[in-house]
Amino acid sequence: MSIPPKGNTGDAFRNYEEDRNAGDKEAVYTTSNGVPMPHPYETQRVGENGPLLLQDFHLIDLISHFDRERIPERVVHAKGSGAHGYYKTTKPLDDVCLADIFSKEGKECPISIRFSTVGGETGSSDSARDPRGFSVKFRTEEGNWDMVANNTPVFFLRDPAKFPHFIHTQKRDPATHLTGADDSTQFWDYLSNNPESVHQVMILMGDRGIPDGFRHMNGYGGHTFKFVNKDGDWVYTQIHMKSDQGNKTLTNDEAASKSPDYGQKDLYEAIERGEYPSWTLSVQMMTAKQAEDLWEKQKINVFDLTHVWPQKQFPLREVGKLVLNENVKNYFAEIEQIAFNPAHLVPGIEPSADPVLQSRLFSYPDAHRHRVGVNYQQLPVNAPRCPYRMGNFQRDGQMAFYNQGSRAGYLSSISPIQFRERSVNLDKTHGNFIGNAVTFLSEIRPEDFIAPRTLWEKVFDDGARDRFIDTVSGHMSTCRDKEIIKRQIAIFREVSDDIAKRLEKATGIQGYPGIAEMRFNGTHNGFAKDKSIRAANGMVSKVGLSVADNNGAPVKGTHKDDSIDPTKLRGMMINGFH
């Protein structure tokens, strides 16, 4: 096939950016196969009042495409907004991470960020009381790095198989087809059987539960990752993106007064005014030995998505800035079709053994291949922008556009593809795990209530506590089963008896005295006085109980050695001192 001469270039050969920026007056109205048409409303029919003709390709083409305009909405994070901008490193991280984007001050790359609610549908409110998604696509010179984050540092669960179950409780009831706004039964039913969720529930139902749009909220990686340096040594890390606009939230009444697209409108109009929102990217770091000691001494598990790292022990180290300075030209092409994948990592950034992260490494790209198509990464908004020509042996499939020409679809010895040397010793980074295959389900234990108790006693003020009780009791009012409320009040009692007593007064329901005599269908109960109710679902098997002494945490001896000497790292705190 020859390329048309200059001045007569067809759409198939046009640059994406040229088409994206073209105005209406530059386009000629045509059918999908490029044939100009005099008017978009005309149809062919038999006489002035007869039936339509099947030969009218223009009409058939128009209606057939219209029937297929929608792709499946995201099962999670369906309602979202986003924009484009750039990331710039302000304080290099080269001592701890060999990723090129962190290598020197001033290093930049284009980014796109998508903000979203979690449980709502495409048309739901931006101001719902719900966690927010905060996903960033860094288009680095080494490939795309996707940071798939939330606006809260923790989540409702730490066992990956629970995720579909929990998300189903955020959707419409299968019988009544009502959302949680009118029927909260399934929401509280899940929570009352999975008490490790209480930390996230405290945040969600507290003052931080409804961000004021998307510009005034933070982003947190949540999961523990690994940073690997040029020597092959590594540390665990948590990634934070703090809003430079400050944090602002909405009360229940304020949120109710906002339009469904309040967050989208606020973000778009701010960028149009030249008020470009920005966030400071910082990291916490921890060595392998420190992670083991943190569990042994403080029962904080770095692989647990419901736990947080104390910032006094592991202070934030600033790395760079994220700035959004460009609105999208076409929402569907640039936001609805954008696809983030936590498995998209560049050299120097690796996953940890966090089980929920490990599950997401598979789940996210699997969803994109279904929702957008197997070649979703060929779409311009998802395509990498590397300084080299990309090549691999992924071929064909629906909508293959860049199909790699006549290059061999296998590793050819006649005309071999080019390779680069490995920069990360994966054997050293991930080769520390020795053990048998086991079944595992986490257990609720006293340490799971430490952080939420601190939130209630030391972070919330009197007004915040009152608002929390009002919000929780109000939400519970649409739960159809009092037994569920009794169980949830018992879980709150493990956080603070003050919460339980206030909720009992507000709801008129007397909760259980605690969880020691309760059986959970979702979580093993480490508080159980009677061993017969310890196991989730009452499944006490002679074959074995899926409980581990370490509850999934890295214990002493988990790692072969302490890979990085913490005294050599800039910004790390050692034994309480910088």
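Using N, Cα and C of the backbone, Cβ positions are placed for all residues, glycine too.
According to TrEMBL, the active site annotation covers H77 (among others). Its own atom aside, the Cβ of H77 (active site) has 21 Cβ atoms within 10 angstroms in the protein chains shown.
The active site annotation in TrEMBL covers N150 (among others). The Cβ of N150 (active site) has V118, P131, R132, G133, F134, G219, Y220, G222 as same-chain neighbours under 8 Å, each 6 or more residues away in sequence.
Sequence-distant neighbours of Y364 (heme binding site): residues of the same chain at least 6 apart with a C-beta under 8 Å from its C-beta are V148, A339, F340, N341, P342, A343. The heme binding site annotation in TrEMBL covers Y364.
The feature domain 'Catalase core' is assigned by TrEMBL to 30-418.
The region 'Disordered' feature in TrEMBL is assigned to 1-22.
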The domain 'Catalase core' (30-418): mean pLDDT? 95
